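For reference, TrEMBL has these:
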- 8-137: domain 'EamA' (DOMAIN)
- 149-277: domain 'EamA' (DOMAIN)
- 7-25: transmembrane segment (TRANSMEM)
- 31-51: transmembrane segment (TRANSMEM)
- 63-81: transmembrane segment (TRANSMEM)
- 87-109: transmembrane segment (TRANSMEM)
- 121-137: transmembrane segment (TRANSMEM)
- 149-166: transmembrane segment (TRANSMEM)
- 178-201: transmembrane segment (TRANSMEM)
- 207-225: transmembrane segment (TRANSMEM)
- 237-256: transmembrane segment (TRANSMEM)
- 262-279: transmembrane segment (TRANSMEM)
Amino acid sequence: MKNQKKSLISIHIAVLLFGLAGLFAKWVLLPAVIIVLGRVIFSSLSLFFLLKVKRARVRLDKGRDYILMITAGIVLAVHWTTFMQSIQTSTVAVGTLTFSTFPLFVTFLEPVLFHERLKSSSVVSAVVMLAGVLLIVPEFHLGNTMTQGVIWGMAGSLSYAVLSLMNRMFMEKYTSSLTAFYEQATAAVVLLPSLFLLKPVVSGKDILVLVLLGVVFTAFAHTMYIEGLKHVKVQTAGIISGLESVYGIIAAFLFLGEKPGIKELAGGVIILGVVFYSTRLSSREE
């Protein structure tokens, strides 16, 4: 019970930081792929430093594990790029709320991949949260920037569902810091060509902001989230991740002036209710 509570706290803190990370897509006036590149470069460097300080091992056990880690890193690159693109195309609310549908994918993928029973409560929770998301998204017209944001956000949602399930497999053999390092270092290599293709003008201020995004809002947050998966099922962690949209909407209102309407607030309440329900249900089951 104690380990599970610690894991839940770790996931909640990580989700708060993830929710605030979305604002960087608006603060940094660079293409989404470049923002993500800076994010994973500074994050992977800080994680490598952490591993060296702890004198932790860096090598993996098998060649197959390297392939899986690289694959996960590619998925991570896709996830963060589509997520940032969603916010830049539309709003923080649309980007974070469409991403929060990822538990829907996890709910049905997890039982298949891990041979676990599909619980009706998980299905109901995921569907109710989706209803909250649909309530917040304003329009679904193709060609509308909001609709484009939804499409990018759903792509980020699916990719994150796959990534979360892969992370669960890694936790059986490797630490969260090592897993995060390999994934983000791979993402940095994958996205590096974009720096030469787009040739963006990056200021000193941009670099400082990207350092903050990479070290605090990525390396620290990502490690805590993966650590939390040790004693919390991915389905529960996915439902908790719905809070990311709530934090994002509040932060966007305070720092960006993006004012949510009645529908956004109502959807946020629904998502928050599902999060607390799922958390309490998980605690009782343990």
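For all residues, glycine too, the Cβ spot is worked out from N, Cα and C.
Most Cβ pairs under 8 Å to the transmembrane segment (7-25), among the stretches 31-51, 87-109, 262-279, belong to 87-109. Counting residues 6+ beyond its ends, the transmembrane segment (31-51) has Cβ neighbours under 8 Å at 24-25, 58, 76-77, 80-81, 84-85, 88, 177-178, 180-181, 184-185, 187-188, 191-192, 194-195, 198, 200, 202, 206-207, 210-211, 213-215, 218-219, 222-223 in the same chain. Ranked by number of Cβ pairs under 8 Å to the transmembrane segment (63-81), the listed stretches 87-109, 121-137, 149-166, 262-279 are led by 149-166. Beyond the ends of the transmembrane segment (207-225), by six or more residues, the same chain brings 10-11, 13-15, 17-18, 20-21, 24, 27-28, 35, 38-47, 50, 176-177, 180, 184, 237 to within a C-beta distance below 8 angstroms of the stretch. Counting C-beta pairs under 8 angstroms (sequence separation of 6 or more), the transmembrane segment (121-137) reaches the transmembrane segment (262-279) with 3 or more such pairs. Break the domain 'EamA' (149-277) down by DSSP state and the numbers are 105 helix, 0 strand, 24 coil.
Stretch with the largest number of CB pairs closer than 8 A to the transmembrane segment (149-166), among 87-109, 178-201, 237-256: 87-109.
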